[in-house]
Amino acid sequence: MNIISVGVNHKTAPIEIRERIALSEVQNKEFITDLISSGLAHEAMVVSTCNRTELYVVPAMTEVTGEYLKEYLISFKDARKEVRPEHFFSRFYCGTARHLFEVSSAIDSLVLGEGQILGQVKDAYRIAAEVQAAGILITRLCHTAFSVAKKVKTKTKIMEGAVSVSYAAVELAQKIFSNLSMKKILLIGAGETGELAAKHMCQKNARNIVITNRTLSKAEALAEELGTGKVLPFESYKEYLHEFDIIITAVSTKEYVLREAEMHQSMQKRRLKPVIILDLGLPRNVDPDISRLQNMFLKDIDALKHIIDKNLEKRRGELPKVQAIIEEELVSFGQWINTLKVRPTIVDLQSKFIEIKEKELERYRYKVSEEELRRMEHLTERILKKILHHPIKMLKAPIDTSDSIPSRVNLVRNIFDLEEPNQ
């Protein structure tokens with residue numbers, strides 16, 4: 001039984017191709033339903049995100065190859081003018097399992113260790129299950145992938161350390177102040193970067209965040225989303241700088257929103273209580289001379305990127321541990337796949353001996369008492385289990401270089417004179 005994976009991702013195709021081939025949830029359901037209903041696949045699942053669209057298919061006929069599935073997806077998206085087969089990757093058998101394990105454990109992500117992908121794989125499995133496209137193989141594959149991801153998260157540090165500017169800023173603030181719930185925070189700028197930083201702050205138990213933005217309604221909307229309910233008019237935030245322990249700037253401007261003179265006055269009002277300023281703007285939002293002030297800690301994007309680079313280096317050092325977990329699970333998954341291949345022979349073998357047993361017992365049904373017949377049934381069942389134990393164990397055993405599943409199946413079928421499947 002084969003399982004094929006084909007798709008595009010950040011390694012194989014530029015973003016415009018990934019966008020063109022991506023599937024919405026509605027399209028996802030339609031696509032895999034088409035594959036199943038047309039008799040092309042027994043099972044199917046699609047993982048579709050901004051960085052990847054990947055098919056996982058158990059084909060129902062030999063004609064359904066990796067190349068066939070590439071063309072099928074291109075045709076479904078009516079993208080023949082833009083998308084070519086060389087934009088795709090292909091994986092087969094255990095290669096497919098390895099790929100999904102790597103994706104789920106976040107070592108195939110655009111950002112190493114970015115854990116969001118696991119939730120997206122779970123969504124893909126949910127969608128496939130909802131349209132009855134996830135059978136025994138994809139179900140086992142996905143649940144093994146989820147188990148791999150859990151082990152990777154708990155047994156390695158591949159997901160530790162900030163690898164985004166906004167998150168690095170928040171981690172740095174936490175290292176300096178430890179308990180963010182006791183600190184008052186000013187966010188200057190309610191755009192995407194500022195919003196991310198504020199949300200990361202909330203995740204670290206920050207409870208007192210005040211937001212200011214040129215467009216007051218945008219600041220109010222973010223404050224409501226965060227649950228802080230606190231905003232300052234952009235024209236007046238400088239009057240309150242002395243009240244804040246942490247200041248985050250994330251605005252698009254060519255002029256500094258914080259200068260040395262005003263921060264000097266603020267520090268005098270604070271009686272030199274420490275302040276962290278996290279400048280997430282590009283160009284810089286904060287006068288770099290501010291760093292000369294006593295108890296003033298200023299970090300800009302370059303400083304934060306240095307932290308990110310060190311964290312990424314640490315994550316890369318965890319890769320051998322992650323690969324070891326994946327290899328261990330691949331062996332178990334491969335052994336399970338082998339049991340699927342021998343299952344029909346095991347069923348046929350058991351059925352044949354049960355049939356023999358029933359025929360022989362039937363001959364004595366009216367020659368012995370009911371009690372004696374029950375004893376005979378119990379005895380013959382025990383004998384059958386012992387007779388069949390070794391051949392079944394041999395069929396399920398891990399394969400080595402001198403053996404193969406087909407040769408074992410043929411051997412057992414010949415010895416016990418079993419008919420070929422589907423005859």
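Each residue, glycine too, has its Cβ placed from N, Cα and C.
What Swiss-Prot lists as substrate binding site is T49, C50, N51, R52, S109, E114, G115, Q116, Q120. Residues or ranges marked as active site, nucleophile in Swiss-Prot: C50. The site 'Important for activity' annotation in Swiss-Prot covers H99 and is backed by sequence analysis. Residues or ranges marked as NADP(+) binding site by Swiss-Prot on the basis of sequence analysis: G189, A190, G191, E192, T193, G194.
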Cβ atoms near N51 (substrate binding site) (within 10 Å, other residues, all chains): 21
Residue among the binding-site residues G189, G191 whose Cβ has the most other Cβ atoms within 10 Å: G189
Length of the line joining the Cα atoms of T193 (NADP(+) binding site) and the residue listed as 'active site, nucleophile', in Å: 19
Spatially closest candidate among C50, H99, Q120, the listed recorded positions, to G194 (NADP(+) binding site) (Cα to Cα): C50
Largest CA-to-CA spread of substrate binders T49, C50, N51, R52, S109, E114, G115, Q116, Q120, angstrom: 15
Pairwise CA distance, A190 (NADP(+) binding site) versus the residue listed as 'active site, nucleophile', rounded so that it is a whole Å: 24
Distance, the residue listed as 'active site, nucleophile' to S109 (substrate binding site) (CA atoms, angstrom): 11
Integer Cα-Cα distance in angstrom, T49 (substrate binding site) to H99 (site 'Important for activity'): 16
Local Cβ density at G115 (substrate binding site) - other Cβ atoms counted within 10 Å: 16
All-chain count of other Cβ atoms within 10 Å of A190 (NADP(+) binding site): 26
Nearest recorded site to Q120 (substrate binding site) by CA-CA distance, among recorded positions C50, H99, G189, G191, E192: C50
